[in-house]
Amino acid sequence: MIDCAIIGGGPAGLSAGLYATRGGVKNAVLFEKGMPGGQITGSSEIENYPGVKEVVSGLDFMQPWQEQCFRFGLKHEMTAIQRVSKKGSHFVILAEDGKTFEAKSVIIATGGSPKRTGIKGESEYWGKGVSTCATCDGFFYKNKEVAVLGGGDTAVEEAIYLANICKKVYLIHRRDGFRCAPITLEHAKNNSKIEFLTPYVVEEIKGDASGVSSLSIKNTATNEKRELVVPGLFIFVGYDVNNAVLKQEDNSMLCECDEYGSIVVDFSMKTNVQGLFAAGDIRIFAPKQVVCAASDGATAALSVISYLEHH
């Protein structure tokens, strides 16, 4: 039987594996179908991880993690997981190929991904001017003009954040009304650096080999079209958490989740199910930063060590 099963191989999962194995967990297994690394491997530049002074790509950044985290005995099972369920005091893990595993404890570190819009040019310029993380990429646009797309809390909050760095922020939303907290909207409207463009949609993201150069936008009320010259577009139209592994045969969820499907945990990354932990972007209130996901993974592993000692 597996002592600790880790579902997901991003920064949270890898950190959990490192801390679990170094902490004496004899049989720790990481379940990740492909090479571990997580969605950060798709990032073109990382410069906000403490201790890493050079600007590196996400792929280069995560490569040493794999080597270090497997050095202490973490095993890698290259298979996708379909479902995790509880059977008595242990867990049953069903892989997509039908194979089953049993584990004393489980850390869910499956992460999530920002929703995409399908706008023409979005895929082409993803990571080359199109971003979903103002904290990660905002600094690259210091004293430049950028656009933010979205009408919820995250979009408006990130527009305010970017206004502290950028020369100007265009906040684009398809409706006149916003879904964010009124006080947040008020702060944005009182910020002279933020210009509201409503009701507008982005029809195309344009650019060249160096990245985004402009946006084609259209007013949905008047059909007026205009070109917005900006080197960056930040998209905040929602976030999908990868919680499918929690869904049971009767369609219930293995543990408590919030309205968005994120796993409810306490400060030690424990869920409401004994022996089940969660770390990284899958958990509630996740800051969605690599350094935070790594911290979560370490915390979850320490909680697992304590759990295994007493069970």
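Note: Cβ is positioned from N, Cα and C throughout, glycine not excepted.
As recorded in Swiss-Prot, the features of this protein are as follows:
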type	residues	note
BINDING	31-39, 281-290	FAD binding site
DISULFID	Cys133-Cys136	disulfide bond
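Taking only the Cα positions, the spacing between Gly34 (FAD binding site) and Cys133 (disulfide bond) is 24 angstrom. Following the DSSP three-state reduction, the secondary structure of Phe31 (FAD binding site) is strand. It is 13 Å from the Cα atom of Asp281 (FAD binding site) to that of Cys133 (disulfide bond). Residues near Cys136 (disulfide bond) in space but far in sequence (CB under 8 A, at least 6 apart, same chain), listed by position: Ser43, Ile46, Asn48, Gln289.
DSSP assigns Cys136 (disulfide bond) to a helical segment in the three-state reduction. Geometry remark: Gly37 (FAD binding site) versus Cys133 (disulfide bond), CA distance 18 Å.
Rounded to a whole number, the distance between the Cα atoms of Cys133 (disulfide bond) and Ile284 (FAD binding site) is 17 Å. Within the group of recorded positions (Cys133, Ile284, Val290), the Cβ with the highest number of other Cβ atoms inside 10 Å belongs to Val290. Residue environment of Gly37 (FAD binding site) contains 21 other Cβ atoms, counted within 10 Å of its Cβ in all protein chains. For the pair Pro287 (FAD binding site) and Cys133 (disulfide bond), the Cα-Cα distance reads 10 Å.
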